[in-house]
Amino acid sequence: MSTTRLTSETAPADRAGAPRRGTLPRRSLKRQFSKENITKVLFVVPAALYILLFFGYPVVKNIVMSLQDYTTKTFFTGEAPWVGIENYVTVISSNLFWPSLINTALFTIGSIAGQFVIGLALAAFFKRRFPLNNFLRSMLLLPWLLPLIVASATWRSILDQDSGILNRFLGTLGIEAVPWLTDPSVALTAVILVNIWIGIPFNVTILYGGLQDIPDELYEAGALDGATGWKAFWHITWPNLRPVVSVVLLLGVVYTLKVLDIILGLTNGGPANATQTLAIRSYQESFVNFEFGVGAAFSNILILISLLFAIIYLRANRRQVDE
Amino acid sequence: MRKRRLTTLLAIAAITPLALTACAGGGGGGQAKGDPDTLTVLDYYNNEPDKTLIQAAIDKCAEELDVTIKRETVPGKDLIQKVLQRSSSKTLPDVLMLDNPDLQEIAATGGLAPLSDYDVDTSGFADGILEAATYEDEVYGLAPTVNTLGLFYNEDLLAAAGVEPPTTWDELKTAAATLTTGDQYGLAFSAIATYEGSWQFLPFMWTNGGDETDLGTPEVAEALQLWVDLVDSGAASKSVLNWSQADVKDQFVAGKAAMMINGPWQIPGLAETPDVKWGTVQVPVNEAGQTPIAPLGGEVWTVPVTGDDEKQAKAASFVECISSDDNQLELATERYTVPTKTELADEYVEAVPTMEAFTEQVANARSRTGQLGEEWPEAATVIYTAIQLALTGQASVEDAFEQASAG
């Protein structure tokens, strides 16, 4: 509200000042080259250059590549015939596009929901003081420190249908062996479970930091008014944690959308394409089938989806600042 | 506000070309001219014992040709990416090793020099490997030794069950069923969703008269039916869907599979567990009397186009040297692979009797790219997808290939 009132007040003043504009350019020209402004520009240049080289160039190159017939030949001859949107047509009309899009959505939603809920529960748990708290919390970081390819190889043997330790354990409880990675209806769930395990440390760490920032006085005051337990969580913890939560969720979504190594290591997109995601499609088209143009088209679609979430996040954040 | 943004943009615009030219400058001086007596070699034998064994062969040829060799090894997975990177920066090595199904793809880029340009003698080599190394009627590479697939069996387990090594599909099914008890499966193979799965399927498909140019034939479907039967009957684990060939070997070594489809490159690994006694036979055929046809594996040595003709000629001599008779026998004996010159077969089997089945198998083996050339990766993708669809029950054996090729 306050911002709109401000602009409506300043507008007439601006219009009134219009006739005097004639003298402005010279003064502003001088101001443009003032020492202060040059310094400002110099501060911006390194960052701008960095963004241009390491973000701008790859993105532009990827977009251009997706509009070309870019194959192994291109690397030697440098020739990549322009094919317009043909690669995108190939991508969207391929039988695997919609299943892999749906898998990407299920994988992302499933992973984020699991990681976040378990992460928040653990973060809240570790907020209490108890012996070995710090030690256990640092042990929790282990999955994060393991190289993903090691983690996925380990999980592949844990989830093996016949001799995997998980099925052996379930067997002692009288549960029949679950075909974790070999049944198309279970494989995606198995892959999501592993990804949840990998994502928990990140969620715990950030959420724990957020919880530490909530002043204890709020809880003390709340307790006086009868807000304890769930009520305290709902009325004190949650509202204060919201900025942290939105960061965790956004980063989580962007990380999860592009997950590649875990799925490659566990199932390689199988069984029977049950764990194909857009990232896997992009990788396989580019580095297995050597159709770099089609692979680039897949990854551009993925980037577009990530961008969508980034915009949602920025909007949500701007509203918070305004509030 | 808007003016300030404009200034920033202008500043960036002024500086960008400088940065970009700086980058371009780095790429220009690419091709390593260097010493004319030094050859650079790129291969993927990055693990022992292969790394050392290949090094010995390389050293021998270096001495014979009086050149210095600078060798670089990369993991198998990274080789093609490395080759592509280097061809775009014009820094290809003088001698390049390629996995044989990749040769035609790389030759098609124009990045390799035909060996006939340097009068390399390609006579006496098995047809299958020459087929793999040929692109548009020119031979681009030579392989000293090759490998293929066969059936390994656990001698003790088969003897205990009174089972003879199977030679036909029916015998295979019966043997596998008899050998399946408790934790132990009768047979293990790899039906994984990668080219490895397709490669393991080929001996069954080809032996039965199937062909990659038409995957819709009943011969191909019959071969797939065999795999489905083996898994559905419980004689092979459902995990074959996710097993690489290394996993298959582990199952065999652990006594969890009495037989396995695998290649001779697993023999050094099998030697680490001497209490597991094993033998090999050729891959079983559908009907007695058929000739088992297995795919040909192994690496070919090629001469990339580097623009330095003198060096390319030296590289061609090097390729010829590494595939010489002596080298073939030596490498074959040490690495449990099969010499590519057919006339060496008898001498080799005499020296290494355990390789008899594989040596016979190689004589009739086919290359994966002989028919389809650069189109092979697509067919291979269809094959492993169809296998996965059929083994998981997502499609019937008859529909699997059609559904898989719909992409």
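Every residue gets a Cβ built from N, Cα and C, even glycine.
The compositional bias 'Polar residues' annotation in TrEMBL covers A:1-10.
Residues or ranges marked as compositional bias 'Low complexity' by TrEMBL: A:11-22.
For A:101-313, the entry in TrEMBL reads domain 'ABC transmembrane type-1'.
What TrEMBL lists as region 'Disordered' is A:1-22.
Feature annotation from TrEMBL assigns transmembrane segment to A:41-60 (among others).
The transmembrane segment annotation in TrEMBL covers A:105-126 (among others).
The transmembrane segment annotation in TrEMBL covers A:138-158 (among others). Taking Cβ pairs closer than 8 Å, the transmembrane segment (A:138-158) reaches residues 122, 164-166, 181, 194, 197-198, 200-202, 204-205, 261-262, 264-266 in its own chain, all 6 or more past its ends.
Away from its own ends, the transmembrane segment (A:186-208) comes close to residues 103, 106-107, 110-112, 114-116, 118-120, 122-123, 126-127, 137, 140-144, 148, 151-152, 155, 159, 178-180, 241, 244-245, 247-248, 251-252, 255-256, 259, 262-263, 266-267, 270-271, 274-275 of its chain (Cβ-Cβ under 8 Å, at least six residues beyond either end). What TrEMBL lists as transmembrane segment is A:186-208 (among others).
Marked as transmembrane segment by TrEMBL: A:244-266 (among others).
Marked as transmembrane segment by TrEMBL: A:292-314 (among others). Note on the transmembrane segment (A:292-314): residues 59, 62-63, 65-71, 74, 80, 83, 87-88, 90-91, 104, 246, 250, 253-254, 257-258, 278-279, 281-286 of its chain, located 6 or more positions outside it, place their CB under 8 angstroms from a CB of the stretch.
Through the fold, the transmembrane segment (A:105-126) approaches residues 133, 136-137, 140, 188-189, 191-193, 195-196, 199-200, 202-204, 207-208, 210-211, 233, 237, 245, 248-249, 252-253, 256-257, 259, 277 of its own chain, all at least 6 residues removed from its boundaries and within a Cβ separation under 8 Å.
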